[in-house]
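Annotated N-acetylalanine per Swiss-Prot: Ala1, in sequence order, evidence recorded as experimental evidence. What Swiss-Prot lists as disulfide bond is Cys11-Cys33. Annotation comment: Swiss-Prot describes 38-73 as domain 'EF-hand 1'. For Asp51, Asp53, Ser55, Phe57, Glu59, Glu62, the entry in Swiss-Prot reads Ca(2+) 1 binding site. Taken from Swiss-Prot, the feature domain 'EF-hand 2' applies to 77-108. Per Swiss-Prot, the feature Ca(2+) 2 binding site maps to Asp90, Asp92, Asp94, Ala96, Glu101; the stated evidence is experimental evidence.
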Amino acid sequence: AFAGILADADCAAAVKACEAADSFSYKAFFAKCGLSGKSADDIKKAFVFIDQDKSGFIEEDELKLFLQVFKAGARALTDAETKAFLKAGDSDGDGAIGVEEWVALVKA
């Protein structure tokens, strides 16, 4: 997963920890999968995997399917989880998370 940035086992454990609807916490998830401890460069590399349409931004529909990027077959985030995740990361209020906003969110 993630081109060697994160261990598959760590990603699977992070996804498993938020299997229940409305149990997703981005801070807990980033810590459990190991992303929050990575360098800004590695965090930017992870951004590319999540930005599925390659727009340079992570939009709401990409956040909804966020867990599936870490582990195939994972659940979609609920609308409430997705909106809270977007609100936490979208510091300039443009409705999407840019790469610098992403680094700040992961390191928060």
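Glycine too: its Cβ is placed from the backbone N, Cα and C atoms.
Source: prediction; values computed, not measured.
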Discussion item. Can you give me the residues near the recorded Ca(2+) 1 site, meaning same chain, not Asp51, Asp53, Ser55, Phe57, Glu59, Glu62 themselves, Cβ no more than 8 Å from the center of the site's Cβ atoms?
Written reply: Gln52, Lys54, Gly56, Ile58, Asp61, Ala96
Item to complete: Provide the number of Cβ atoms within 10 Å of the Cβ of Asp90 (Ca(2+) 2 binding site), excluding the reference atom itself.
Response: 20
Practice prompt. Report the member of Cys11, Cys33, Ala96 (the recorded positions) whose C-beta atom has the most other C-beta atoms within 10 angstroms.
Written response: Cys33
Discussion item. Using the Cβ center of Asp90, Asp92, Asp94, Ala96, Glu101 as the Ca(2+) 2 site position, which other residues in that chain lie within 8 Å, going by their Cβ?
Written reply: Phe57, Gly89, Ser91, Gly93, Gly95, Ile97, Gly98
Practice prompt. Could you round the CA separation between Cys11 (disulfide bond) and Asp92 (Ca(2+) 2 binding site) to a whole angstrom and send it over?
Written response: 29
Practice prompt. Any same-chain residues 6+ apart from Glu101 (Ca(2+) 2 binding site) with CB under 8 Å of its CB? Would you list them in sequence order, or say none?
Written response: Gly89, Asp90, Ser91, Asp92
Discussion item. Same chain only, sequence gap of 6 or more: which residues have a CB within under 8 Å of the CB of Glu59 (Ca(2+) 1 binding site)?
Written reply: Asp53, Gly95, Ala96, Ile97
Discussion item. Restricting to the chain of Asp51 (Ca(2+) 1 binding site) and a gap of 6 or more, list residues whose Cβ falls under 8 Å of its Cβ, or answer none.
Written reply: Phe57, Ile58, Glu62
Worksheet entry | Structural state census, the domain 'EF-hand 2' (77-108) (DSSP three-state) | 20 helix, 2 strand, 10 coil
Practice prompt. Determine the Cβ neighbour count for Ser55 (Ca(2+) 1 binding site): the number of other Cβ atoms within 10 Å of its Cβ.
Written response: 11
